[in-house]
Amino acid sequence: MSELAHGTLAGLAEIADTGRDARRGGYSRHLWQGPDLELRAWFTERAERLGLGVETDRNGNLWAWWGEPGPDAVVTGSHLDSVPGGGAYDGPLGVVSALEAVARLRASGFTPSRPLAVLVFAEEEGSRFGIACLGSRLLTGGIDAGRARALVDADGVTLAEAAHRAGLDPAHLGVDREALARIGLFIELHVEQGRGLIDLGRPVAVASSILAHGRWRLTVTGQGNHAGATLMGDRRDPLLAAARAVVAVQDEALNHPGARATVGRLEVVPGGTNVIASSVHAWLDARAPTDAATRDLVTAIEAAVGEAVTVNGCSVAVTEESWTGTVTFDAVLVGRFRAVLGGGALVPALPTGAGHDAGVLAASVPSAMLFVRNPTGVSHSPEEFAEVDDCVAGIDALASLLRSLL
Ligand code: GLV
Ligand code: MN
Ligand code: MN
Ligand code: MN
């Protein structure tokens, strides 16, 4: 990342060592744990150096204000947390670009006629507490506060306890109408996570829509037993059943046009080399072009998985953990942004399969997204990338949009 060190993306270079994960590769930056706290301090210091006033809302989202907070503010930002072993750009590129766009506007002597905030959302990836876009869901009331307080991390720490340790009042977690009322409009710049811009040969796009998506927990139950003393024919092994379930998930996704279904995380209980497991938790991420298609897909997966696990004498229970319906970004805003950026031939509108805080906010306030080309086409992986020139094109586009809105 040395070529970033002195240019407009110096912010990315400054955080390049924060939260590196030597075991997995890439970065592991999870809500209110060491690296996330360091990134919050870094953001605060950087925003204050720019002359912005930083505050934390009741849900742990960070706001950096140019001018007095709201109402009808133009708000832009993204997130600083990551998936386990994630890339350097998913989230931070939007935050660094927002700060850089503001820095440019300030340096040019521009005076905004409405407030502007750079917003950093908490726990966008859901890597610590399991629910993606937790900060934006809490802010908008997209998750029940009581349910959120009771979420637990891998060490059994509840969100309420973690929030308390982070200096928040857990009783105040949840919908924040005052903060929401300040947002006139939200723009999130993000590295593209697929191959859309590679195929089009363009550096930047506006987002048109986000696939419906959700997370489900599949709990497969069998019979815990001794690995040496239990004959192969006498077993009810839930890990074997879960293996069949994972294949069934793939088969159903292949049967549903445009669908994507993934099991990327398993928890084997109790998890000993010489122990036949007693249960296995498998997390399903399912996405499809419409709400109905996604519901159909998950219903088909539930049936197929229910059948698959019986081969090993096991049973499965399925629980929905989160759901986001299809997001269609405001056509007027998308059209206006493309016009500001030079027209449709230069700035395509692209759908995406990845979830974002902008998608959650879109249900409450006009929202839009800018994507920056990722030449590897790979994301949620250390291979995620963006060329400096494309990042600069993203910042140029964001600064133009902000100028046109302020
Ligand atoms: C978040 O990045 C998601 O789409 O899973
Ligand atoms: Mn992500
Ligand atoms: Mn992201
Ligand atoms: Mn995301």
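Along the chain as shown, the residues are counted starting at 1.
Just so you know, glycine gets a Cβ as well, placed from its N, Cα and C.
The Zn(2+) 1 site recorded in TrEMBL comprises D90, H190 together with one of H79, H172, namely H79. TrEMBL lists D90, H380 as Zn(2+) 2-binding residues, and of the candidates E48, E55, E123, E125 the one it assigns to that same site is E125. Using a 10 Å Cα-Cα cut-off around D90 (Zn(2+) 1 binding site), the binding-site residues R215, N274, R287, H380 reduce to H380. Considering only the binding-site residues H79, H190, R215, N274, R287, the residues lying within 10 A of E125 (Zn(2+) 2 binding site) on a C-alpha to C-alpha basis are H79.
The CA atom of H79 (Zn(2+) 1 binding site) is located 14 Å away from the CA atom of H380 (Zn(2+) 2 binding site).
Secondary structure of the domain 'Peptidase M20 dimerisation' (215-307) per DSSP, as helix, strand and coil residue counts: 38 helix, 31 strand, 24 coil. According to DSSP, H79 (Zn(2+) 1 binding site) is assigned to a strand segment. Proximity of the binding-site residues D90, E125, H190, R287 to ligand 2, judged by a Cβ distance under 6 angstroms to any of its atoms, singles out D90, E125 in sequence order. The closest partner of H190 (Zn(2+) 1 binding site) among the binding-site residues, by CA position, is H380; the full candidate set was R215, N274, H380.
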